[in-house]
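Report on one structure; see the data block that follows.
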């Protein structure tokens, strides 16, 4: 991996931080209709992806292989809907930092499992003590973000 790839991942993370509040404001504009806001957001993304697919010129060939794929390969869209709907619903209720901290915690735990077993066609990357320590430190940070103020107030009382 090179620095540009790590920087790209960091920038994508920043984009995700903007996604939930932007979509929440769309839901507010639609009378707090989370489903309609999520649908609109996905539609806009779909239009952009369709344009990119048409420009790329591989759309007919790609569509030809769709019927031969197992259904589970299309679950990414369902997972995207779960994230989008959940984020739009939860951000005004628990706050953006709490939402993203918990999302990241879930991603870390799940990704360690996927990597360790080489699931979904990924290369197997065994869990090491250092990876577990990093995950524990990260999860500790999530706990501090979620409960730190209350714990500090209780400790001072």
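These residue numbers are counts, starting from 1, taken along the chain as shown.
In case you wondered, yes, glycine gets a Cβ from its N, Cα and C as well.
Given the structure is predicted, the values throughout are model-derived calculations rather than measurements.
Per TrEMBL, these features apply:
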type	residues	note
TRANSMEM	35-59	transmembrane segment
TRANSMEM	71-91	transmembrane segment
TRANSMEM	97-122	transmembrane segment
TRANSMEM	129-148	transmembrane segment
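With a cut-off of 8 Å between Cβ atoms, the residues of this chain six or more beyond the transmembrane segment (129-148) that come close are 97-98, 101-102, 104-105, 108-109, 112. Listed by sequence, the residues of this chain that lie at least six past the ends of the transmembrane segment (71-91) yet keep a Cβ under 8 A from its Cβ atoms are 19-21, 23-24, 26-27, 34-35, 37-38, 41-42, 99, 103.
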